[in-house]
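As annotated by TrEMBL, active site, proton donor/acceptor applies to ASP147. Residues annotated as Mg(2+) binding site in TrEMBL: ASN10, GLU385. Residues or ranges marked as ATP binding site by TrEMBL: LYS17, HIS207, LEU208, GLY209, ASN210, GLY211, ASP281, ALA282, ARG283, GLY329, ILE330, GLY331, GLU332, ASN333. Under the heading substrate binding site, TrEMBL lists ARG90. The site 'Transition state stabilizer' annotation in TrEMBL covers HIS179, ARG240.
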Amino acid sequence: MSNSYVLVINSGSSSLKFAIIDSVSGDAIVSGLGECFGLPEATISWKFNGEKTQEAIEAQGNHHQHAIKRLVTLIESLGFTNDIVAVGHRVVHGGEKFTSTVKIDNQVLTEIERLSDLAPLHNPAGAKGIEAAIEAFPNLPQFAVFDTAFHQTMPTKAFTAGIDKDLYTEYGIRRYGFHGTSHFYVSRQAAKILDIPVEKSGFITVHLGNGASVCAVQNGKSKDTSMGFTPLAGLMMGTRSGDIDPGILEFLMKKGWSQDQVFDMLNKKSGFLGVSHITSDARGILEAMEQGHEDAKLAFEVFTYRVAKYIASYLIPLTSLDAIVFTGGIGENSNIIREEILNNLSLLGFVVDSEGNDKARFGNEGIIARSELLGAVAMVVPTNEELVIARECVERL
Ligand code: ADP
């Protein structure tokens, strides 16, 4: 009997992450990355059986297409052709149209392209990956799994911006939220670990990676989340500012900054990088802080303070709280950052369990703090977005 593997594709503008996931065991059989697309040094690399291989991609033409064509021959050479049952694409923006995973046909693809208006950096790249994959794997069903879909359950009061309502009806300006697959997955896993039914659970899920967002998940449904119309809103991130006073934009433009300069600063030169002037990477911030770098310490403090403030305010959408759930590269690995966030929440009764916090790292889940006051815990749950995508596809075959 053949396996039930899904090829998961996450197509960015200059890169393409991929994985072959065993939808039953959850194992990643192969995982890889195409990068530097659009440049002569474009490469594709993958890991199989612990061994890493890297190759150059043909310099001319469409690198998304070249990379995906290479996947066809890679899958053949590994002998997995008959094991792959579907292709699952991570698509950033599903707007209000896509509230769950869909099987891709021409109409869906057109709609994803149409939504590029809302996600100009992401959806065109997603569409490129889908087109190349349909060409390369014409006989496999292909599915789109949207980052925004999980948040479509937010009530109107949570997604409405406090601006002229015509801007919503005319342009669709509202909170959409992102990282939905991760918030979905860790809320389900947390319920399993705590042995409570997800439909009677309350979580604040805290995804801290290069991008970062908080989500209030009541009874399995997203009730509010910190990213907004774009993934720039909410928490301070690696290079993104998160929330700032929009008056700053007007001020800078009056000082002669162009629109591109302002948004380049907010998206690429802010966050850990902007405050520390050293790095966008949390590990680098922690190392510099240890060596006494003051702006690295400031970046750490601004970040942890902002996360704690968001967590506290995300009690508002909930009717019960079982756990604060940390995930993402920082949330899964940095006991120091988690401890500082939880110390900022001491008024809510959270007391860190140092041993638990030390243990829950590098792929280990676990309870890291408890609040007698709220009858809740803080815990770590490693995320697995590829597995969600694989399972969503298989469920719809
Ligand atoms: P992305 O959002 O790009 O998927 P990740 O979820 O992989 O990113 O998170 C990347 C972040 O996780 C980086 O800031 C990195 O420094 C941080 N990180 C990874 N391991 C550790 C660690 N051991 N301690 C602190 N931060 C870590």
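Placed from the backbone N, Cα and C atoms, the Cβ positions cover glycine too.
Shown are the recorded positions LYS17, ARG90, ARG240; of these, the residue with the fewest other Cβ atoms within 10 Å is LYS17.
Comparing Cα positions, ARG283 (ATP binding site) lies closest to ARG240 out of the recorded positions ASP147, HIS179, ARG240, GLU385. The maximal spread of the ATP binding site, taken as the longest Cα to Cα distance among LYS17, HIS207, LEU208, GLY209, ASN210, GLY211, ASP281, ALA282, ARG283, GLY329, ILE330, GLY331, GLU332, ASN333, is 22 Å. Remark: ASN210 (ATP binding site) has MET237, GLY238, THR239, SER280, GLY329 as non-local neighbours, by Cβ distance under 8 Å and separation of at least 6 in sequence. Taking a Cβ distance under 6 Å to any atom of ligand 1 as the criterion, the binding-site residues LYS17, LEU208, ASN210, ASP281, ARG283, GLU332 reduce to ASN210, ASP281, ARG283.
When the CA atoms are compared, the recorded positions lying within 10 A of the residue listed as 'active site, proton donor/acceptor' are HIS179, out of the candidates HIS179, LEU208, ASP281. With respect to their backbone Cα atoms, LYS17 (ATP binding site) and GLU385 (Mg(2+) binding site) stand 12 Å from each other.
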